[in-house]
Amino acid sequence: MSSDDLSLYFNEIVNNVNFRIKNFVKSNFKTLEEASFHLFTAGGKRLRPLVLVSSSDLIGGDRERAYKAAAAVEILHNFTLVHDDIMDNDGLRRGLPTVHVKWGEPMAILAGDYLHAKAFEALNEALKGLDGNTFYKAFSIFITSIEIISEGQAMDMSFENRLDVTEEEYIQMIKGKTAMLFSCSAALGGIINKANDDVVKKLTEYGLNLGISFQIVDDILGIIGDEKELGKPIYSDIREGKKTILVIKTLSEATEDEKKILVSTLGNKEAKKEDLERASEIIRKHSLQYAYDLAKKYSDLAIENLREIPVSNKTAEKALKYLAQFTIQRRK
């Protein structure tokens, strides 16, 4: 299969999911609808919908159900982004002003709440006509995902005032904050098509490993990425005091003088550009390659998970492998 064929496959999924998102995210109150739909207008990679629909296709699943379930996870994802931007006080997302910057915090909180409700509405529509056990499994993993995402975000925030965060704690945090929704997406692709427990387990593991790899690369791009390409400020993780794998590794490897520079910049809202750049240089020196190698390890694990699933659709298999590889090759 050529890259053009895979691109057509992905575009078909994205267009169909976008159409359903637009139909779900409607409100009688215009301002609420605009604020809720704002981040969708800026595009986004739609990786979670691609994972869900490709996972469904992999086992010969129902496309219409998959599109609606994919809309549910993407709406849920955007809900978390709206609230994350408030918590992190970020002014840009995907090159656009964040919802709280454009409409104010009260409306942004309401928009997040509205998206949260709409995500459940979309999932409910996806599950219509299915038996009670399947309905229960799908809603259980969706609800559990929200709980674990919240716990992951809470862990991330709690790390900001610590310098002793371990790699194990970091991995646990990103499993919750980021990887859980990828895992949920892949699992739902199996659950809505009544896949057996072994298949759902392997899809779950695929999504989890892909999500861990994705977040590690996200943290890397926050240090070395291009601001215009990313659509958000670089160095914001340093300014916010985030304990990414790069910071954790650097603190364990750097000289005492380098540590002093890094610690004085971490979490310093008043840090100047040259301070942030110096801290970035120290991080690149000590942890950039390590972080890339770690991301590749989890990307490889995701691909390995796919080898244990009976395949009904070769295109979907290639798509899922590509998505795992894309996580470590992307520039935004």
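Note: Cβ is positioned from N, Cα and C throughout, glycine not excepted.
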Residue among R20, R63, R94 sharing the isopentenyl diphosphate site, where Swiss-Prot lists K45, R48, H77 as binders: R94
K45, R48, H77, R94 excluded, remaining Cβ within 8 Å of their centroid (isopentenyl diphosphate): G44, R46, L47, E74, N78, L81
R94 (isopentenyl diphosphate binding site) - helix vs strand vs coil (DSSP): coil
Cβ neighbour count within 10 Å of D88 (Mg(2+) 1 binding site): 17
Entry from the binding-site residues list K45, R48, R94, K242 having the most other CB atoms no farther than 10 A: R48
Nearest-integer angstrom distance between the alpha carbons (Cα) of K45 (isopentenyl diphosphate binding site) and R93 (all-trans-polyprenyl diphosphate binding site): 13
Local backbone state of K242 (all-trans-polyprenyl diphosphate binding site), from DSSP in three classes: coil
